[in-house]
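Over in TrEMBL, the protein carries these features:
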{"type": "DNA_BIND", "residues": "39-82", "note": "DNA-binding region"}
{"type": "COMPBIAS", "residues": "311-337", "note": "compositional bias 'Polar residues'"}
{"type": "DOMAIN", "residues": "37-81", "note": "domain 'Homeobox'"}
{"type": "DOMAIN", "residues": "84-285", "note": "domain 'TLC'"}
{"type": "REGION", "residues": "292-337", "note": "region 'Disordered'"}
{"type": "SIGNAL", "residues": "1-18", "note": "signal peptide"}
{"type": "TRANSMEM", "residues": "93-113", "note": "transmembrane segment"}
{"type": "TRANSMEM", "residues": "133-152", "note": "transmembrane segment"}
{"type": "TRANSMEM", "residues": "159-178", "note": "transmembrane segment"}
{"type": "TRANSMEM", "residues": "217-236", "note": "transmembrane segment"}
{"type": "TRANSMEM", "residues": "256-277", "note": "transmembrane segment"}
Amino acid sequence: FNVALSLVLFRFIAKPCAINLGIQDSGPHRAQPNAILEKVFTSITKSPDGKRLEGLSKQLDWDVRKIQRWFRHRRNQDKPTTLTKFCESMWRFTFYLSIFFYGIRFLWTAPWFWDTRQCWYNYPFQPLTSRLYYYYILELAFYWSLMFSQFTDIKRKDFLIMFVHHLATIGLITFSYMNNMVRVGTLVLCLHDASDFLLEAAKLANYAKYQRLCDAFFMLFGVVFIVTRLGIYPFWILNTTLFESWELIGPYPSWWLFNGLLITLQILHIVWSYLIIRTAYKALMRGKVSKDDRSDVESSSEEEDVTSNSTKGVFSTSSNGSNRINGHVASSQWTEE
């Protein structure tokens with residue numbers, strides 16, 4: 001269902017929007033056809049070392065820089081186009097925004113939203129309503145899709161962090177459902193959805209070349225992310241799972257695993273918050289958000305080769321993921337995925 005819905009949105013909503021915004025379905029500069037280099041690229045390595053470059057230079061009578069440029073273009077050739085990335089971000093934006101408002105509407109009338117001690121009264125004999133069930137199933141299906149797509153997308157520098165995040169999230173959703181900890185589970189899900197749609201909105205603005213709007217959404221995302229993940233999450237969620245649950249029902253057998261997963265998420269929150277703050281600082285210093293260190297489109301000129309190390313930013317959240325917290329940022333290509 002998830003895949004079918006995303007395909008419908010791609011074709012009938014996201015793609016027409018992208019075209020109206022002037023986003024072209026064209027990828028990076030294509031590499032010059034060369035049978036020898038293509039064989040090395042497909043059969044041996046996509047990033048040849050110095051020794052192999054020297055050998056290819058002698059074999060082809062090409063300058064080493066020209067061969068490096070060819071491999072760079074060839075790697076970029078397989079990357080998704082801006083239009084594809086726009087459509088993917090619109091799908092994630094639509095899902096995150098919809099599921100967040102669904103969660104808020106559902107939790108607004110839930111007693112445990114206002115008093116977290118209600119998460120543990122009469123545990124584990126708490127009813128599972130249909131609205132709560134569908135909320136869980138939709139979230140679980142979406143995170144499974146992110147998990148699988150991470151292996152088919154371009155591998156990024158935050159691959160391991162995002163893999164751990166998806167694994168911990170799926171583990172928490174499944175584990176809390178099996179142990180009927182769905183009340184506190186809904187709080188965790190809703191809190192994590194609060195900032196994700198803002199990140200995807202920033203990406204959409206970047207792909208459409210609305211730089212100021214892109215930066216504004218990113219800054220707003222950073223504020224919401226830090227407030228929810230470093231403020232509300234530990235003092236509201238972890239407080240009830242670590243202390244209130246211990247007080248009301250005692251250290252149940254799965255208490256250690258459940259809280260271990262929640263603490264793992266908190267560690268990831270700290271890492272990402274640091275990266276967000278670093279990127280925001282660089283943005284203030286330069287007047288715009290800097291390029292993401294994990295951008296999937298490499299520099300295509302010799303000049304960029306020299307300056308890229310000094311101009312790259314560092315923030316990333318979900319890849320397709322992702323970013324991921326698929327997932328995920330670069331502007332003035334910081335949201336390039």
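Glycine residues also receive a Cβ, built from the backbone N, Cα and C atoms like all the rest.
The average pLDDT the prediction assigns to the domain 'Homeobox' (37-81) is 82.
Across the DNA-binding region (39-82), DSSP classifies residues as 31 helix, 0 strand, 13 coil.
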